[in-house]
Amino acid sequence: MVNFMCALSALLFMTGNALLITYYVREFNRPHFDYDTYVSLDPAYIQEEWDFRIQHRPKYMAAGVLNALAWFFLMFPMVQLSWILSQGGAKWISLHIAIALLALAGSFTEWISRFLYIGTTMATELLATQFNLDTWITTNDQIGWRSLEVTHVVTYGLVSFIDAFEWIMLFIIFTLVHISVKRWRREVDSTTFGACWNALGLFVALFCLLDFVAEIMRLVGFSVFGKISFWYSSVNRLLLLPGWLLILGCRLPMAGVKLNQQTLAARQGLSSSVAAGNGSASGSMNGSVGSPVS
C-alpha cells in the first residue's frame, strides 16, 4: 500500500515541473530575444516580450499552482516521517521538529509566492493590454512600456527569489532526513528504510542545492550556465524527487507498523517490569511478616 499524500505530491511535482520546464524551453528559444536591446529598454522589444508573456502565461501559472499543491501535500508525509523517525517524539526531538517546520514553511512560502505572482500578473497584464502606455509626456514617447518593464523586473525578482529559497529548504529537509534515517537504520531497524533510498535522498539534496544556484543564475541572465543547469534540473525535478517520494510512500505504512510494534513492546516490557517489582516487594513483605520474633 502506498501513502496517498506521497503519491499525490510526487505526481503534482512531476506534472508542475514538466510544465515549468516546457515554459523555460520556449522562453530560452524565443526568436526575438536580444539581451542588449532588452537592457536598453527598447519599447518595441518590450512589447514583443509582453506579447510572449501574455501568450504563455497560463502554462507558467498552472505550473506554479501545481507546485504549490505539491508542497501542500508534501507537508503531511514529512510530518509523519519526522514523527516516526523520532520514535513517537522520544529521540532527537529538535532535528525532527526542524524537518516538520521546514516542510510547513516551504508550503507556506510557496503559496505566498504564487499569490504574489498571480496578483502581479493580473495587474501587469491589465496594464499592458488596456492602459495607455504609448503617450505620456510627448506623442508616442512610450515611456509607459519602459516603466511597466522596470516594475515587472522588480516584482519578478521578488517571486523568483522566494521560489529559489524553497530549493534551499528542500536541501536542508533532505539532508536532515538522511541523517535521521542513518540513525534509525543503525539503532532501530535496517529493513524499514533502505540504504539506497537514503543515499538517493542525499543525492536529491545536492541537486536541490544546484537547483537553487540555477534559479539565481537564470534570474541574472547567465545563459551559459542555464544550458548546463537545464539538464540536471530536469532530471532532479522529473525523476529523482518524485521517485524518492514514491519510494517513501511505499515505506511509510511499514514504518508506522514498526513504530506501533516498538511502542507496544515497550509498554508490555514496562508492565512486566512493574508486575515483577510488585511481586518481589510483596514476597519480601510476606517474609518479614512470617518471621519469628526473637
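Here the Cβ of each residue, glycine as well, is placed from N, Cα and C on the backbone.
Taken from TrEMBL as is:
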TRANSMEM  6-25  transmembrane segment
TRANSMEM  60-83  transmembrane segment
TRANSMEM  89-108  transmembrane segment
TRANSMEM  153-181  transmembrane segment
TRANSMEM  193-214  transmembrane segment
TRANSMEM  234-252  transmembrane segment
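Highlighted: of the candidate stretches 6-25, 89-108, 153-181, 193-214, 6-25 has the greatest count of Cβ pairs under 8 Å to the transmembrane segment (60-83). Long-range contacts of the transmembrane segment (153-181) within the same chain, counting only residues at least 6 positions beyond its ends with a Cβ under 8 Å from a Cβ of the stretch, are 71, 78, 81-82, 85-86, 92, 95-96, 98-99, 102-103, 105-106, 109-110, 112-113, 116-117, 120, 124, 193, 198, 201-202, 204-206, 208-209, 211-212, 215-216, 218-219, 241, 244. For the transmembrane segment (6-25), the residues of the chain that approach it from at least six positions outside its boundaries are 56, 59-60, 62-67, 69-71, 73-74, 77, 218, 230, 233-234, 237-238, 241-243, 245-246, 248-249, 252, judged by C-beta separation under 8 angstroms.
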